[in-house]
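As structure tokens, the structure follows; a few thoughts come after it.
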Amino acid sequence: MSEKPTSIKLVVVGDGAVGKTCLLISYSIRKFPEDYIPTVFDNYVVSLTAGTRQIQLALWDTAGQEEYDQLRPLSYSSASIFLICFSVTSSVSYDNVITKWHPEVIHFAPKVPIILVGTKLDTRNDPAIVKRLTEQGMTVINTAKGEELKNRIKAVKYIECSAKTSENLKTVFDEAVKTVLMNKPQQRSKCALL
């Protein structure tokens, strides 16, 4: 008899347009979506194997826009892990991890592990983006600042990735599954022989 798959609920939060939906779509169907469509709520389920365990990874996408602040926390129930995302080319989204996303997550799910994700890694060295940021008196977020933020919010990991190029994309989800499995007791059969 085969074991029931382990269910993991992964919830992704962060500002609108930081790449949360692209992260999930690129991972789940291995194709980067070229069009931006703001999310209200979406879920995807990915079946995978971790060692000998079958995993049902439920990916919950959330809307980052302010008008969904009252609705979004409804998706936090029974979360196994959170990905708090910011764009490495947006200091506003980086700052909002501290002022909005981390406080919201720990308010509704204080014991659930968090992985901090720096998205849009492929744009960090884009000359046009760097020039635009410089003209606005801003800079890209480097890895050291990401690690500093990880420590500040006590996230278990900080990972930078690109949904567009797939750089470190699989790593984000592998680390999320690994984190949950390390903290989740092995389910045992409820059958006993006397």
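Cβ atoms are placed via backbone N, Cα and C, with glycine included.
Taken from Swiss-Prot, the feature GTP binding site applies to Ala17, Gly19, Lys20, Thr21, Cys22, Glu34, Tyr36, Thr39, Gly64, Lys120, Asp122, Ala163, Lys164, supported by experimental evidence. According to Swiss-Prot, the feature Mg(2+) binding site maps to Thr21, Thr39. Marked as motif 'Switch 1' by Swiss-Prot: 30-41. What Swiss-Prot records for 61-79 is motif 'Switch 2', and it gives a curator's inference as the kind of evidence. The annotation S-geranylgeranyl cysteine is assigned in Swiss-Prot to Cys191. Sequence annotations record features per position, and here Swiss-Prot assigns cysteine methyl ester to Cys191 based on similarity to another entry.
Per-residue confidence over the motif 'Switch 2' (61-79) averages out at a pLDDT of 84. DSSP gives Gly64 (GTP binding site) a coil state; it is part of no helix or strand.
Distance between Cα atoms for Gly64 (GTP binding site) and Thr21 (Mg(2+) binding site): 11 Å, as a whole number. Calculated from their C-alpha atoms, the gap between Thr21 (Mg(2+) binding site) and Asp122 (GTP binding site) amounts to 16 Å. For Cys22 (GTP binding site), the same-chain residues 6+ apart in sequence whose C-beta sits under 8 angstroms from its C-beta are Phe32, Pro33, Thr119, Ala163, Lys164. Cβ crowding, taken as the number of other Cβ atoms within 10 Å, peaks at Lys20 among the binding-site residues Lys20, Lys164. The secondary structure of Ala17 (GTP binding site), as reduced to three states from DSSP, is coil rather than helix or strand.
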